[in-house]
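Features as listed in Swiss-Prot:
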type     : residues                                                                                                      : note
BINDING  : ASN7, GLU391                                                                                                  : Mg(2+) binding site
BINDING  : LYS14, HIS215, LEU216, GLY217, ASN218, GLY219, ASP289, MET290, ARG291, GLY337, ILE338, GLY339, GLU340, ASN341 : ATP binding site
BINDING  : ARG98                                                                                                         : substrate binding site
ACT_SITE : ASP155                                                                                                        : active site, proton donor/acceptor
SITE     : HIS187                                                                                                        : site 'Transition state stabilizer'
SITE     : ARG248                                                                                                        : site 'Transition state stabilizer'
Amino acid sequence: MKILIINSGSSSIKFQLIDMSDESVLASGLVERIGETDTTEKNINCTFHPGTDKKHKIEICQTVADHRQGMLAAIELLGDKEQAVMSDLSEIDAVGHRIVHGGETMYQPVVVDEKVIAEITAAIPLAPLHNPGHLDGIKVAQELFTEVPHVTVFDTAFFQTIPPHAHIYALPYELYTKHRIRRYGAHGTSHKFVTNECAKLLEKPVEECNLITVHLGNGSSMSAVEGGKAIDTSMGVTPLEGLVMGTRSGDIDPAIMAFLNRNLGMSIEEIDHMLNKESGLKGICGMNDMRDIHAAADAGNELAELAVGIQTYRIRKYIGSYMAALGQVDAIVFTAGIGENDDIVRAKSLEKLENLGVILDKKLNAQRSKEPFCISTPESKIQVWVIPTNEELAIARETKAVVNA
């Protein structure tokens, strides 16, 4: 079975073709700058994995007016006869779609139908930057692949098991009943994937695993997992809540927004832009790439050093709070770009946790690997793992399960 994975955003389409017989990636690519009329840089690429160590990448510059043109460009690359990843597009057996927000009703992967489209549409106010692009991608993909099932996999689904005392805000209750304002979370596909992978490494049924999963990238989130199911997560109604991120503030005093409006004359739109695009690490030190921040800190930039301190202190606070929520923890899992590759952030995030059962092995923590590896000592009561996430494979597995059900 070959499955095409599509992550359709507002101005881009990420795609990956996976052969589920051995879960190998046949091709992966990106179409970006959709809707721009003055494209001068290469905005379409596809990397082919022909079953050997050699990869071949094609990059082109092409104006892409809309998602239909973008999808056609991706399909044209995938069907390139010279690359030999498949003989014909009819070899694609199913299409899996990543959906950021499914609201309260979409709690598991489902085959796309009118009801699913309606629910994704209804969740647009909760994910205005993402869900419209997802809908465009689904519509175009269904037109181009008419004979195969299309399956939606929701980032919010993993968090539907979070109990009311953890997902309801202390606001007038009618804001929840009438407007569905509650904690939804994000990165659920990633958190679920590393949860299942960690269970294998611990050699325990996932239903017996209590974990703290730490997804650190330009967007970052954490989850408390009890018996393989999420009982809390750091992101909220939107991906703005929680950890300090690349350009997002994470947790702040809500009254700051009223202060900015009343005293600085900032509009709601300006405040929203600032909190999402100009805050976080970038707001503190002017940079949001951890490599640049570490280099600046090493060169004596005090604000860069402060940014890392604020970031990792927030992570450590969440680890402590999730330990209290879970009672007993089997492992802490770091994943995503920063979580997998930044030993400094990992080490600082685990400082002062020895008395709580977390003992870091500095030598193990300093290594790099594309495979999962443990970074805690044998004496550590709580194991600490670095597990590379693979959201596309997770979506492919979910899609296969739905199609074969």
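Cβ from N, Cα, C; glycine included.
Feature annotations (Swiss-Prot) mapped to structure.
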{"residue": "ASN7", "record": "Mg(2+) binding site", "contacts (Cβ under 8 Å, 6+ apart)": "ILE13, LYS14, PHE15, HIS97, ARG98, GLY137, GLU392"}
{"residue": "ASP155", "record": "active site, proton donor/acceptor", "contacts (Cβ under 8 Å, 6+ apart)": "ARG98, ILE99, VAL100, HIS101, GLY102, GLY185, ALA186, HIS187, GLY188, THR189"}
{"residue": "LEU216", "record": "ATP binding site", "contacts (Cβ under 8 Å, 6+ apart)": "LEU243, ILE315, PHE334, THR335, ALA336, GLY337, ILE338, GLY339, ASP342, VAL345"}
{"residue": "ASN218", "record": "ATP binding site", "contacts (Cβ under 8 Å, 6+ apart)": "MET245, GLY246, THR247, ASN288, GLY337"}
{"residue": "ARG248", "record": "site 'Transition state stabilizer'", "contacts (Cβ under 8 Å, 6+ apart)": "GLY219, PRO239, LEU240, LEU275, ASN276, SER279, GLY280"}
{"residue": "GLU340", "record": "ATP binding site", "contacts (Cβ under 8 Å, 6+ apart)": "PHE334, VAL386, ILE387, PRO388, THR389"}
{"residue": "GLU391", "record": "Mg(2+) binding site", "contacts (Cβ under 8 Å, 6+ apart)": "ARG98, THR189, SER190, PHE193"}
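Within the same chain, residues at least six positions away from ASP289 (ATP binding site) with a Cβ under 8 Å of its Cβ are GLY246. The Cβ neighbour count for ARG291 (ATP binding site), using a 10 Å radius over every protein chain in view, is 11. In this record, ATP is bound by LYS14, HIS215, LEU216, GLY217, ASN218, GLY219, ASP289, MET290, ARG291, GLY337, ILE338, GLY339, GLU340, ASN341; the longest C-alpha to C-alpha distance in that set is 25 Å.
In the three-state DSSP scheme, ILE338 (ATP binding site) is classed as helix.
Note on the recorded positions LYS14, ARG98, HIS187: the fewest other CB atoms within 10 A surround the CB of LYS14.
All chains included, 23 other C-beta atoms sit within 10 angstroms of the C-beta of ILE338 (ATP binding site).
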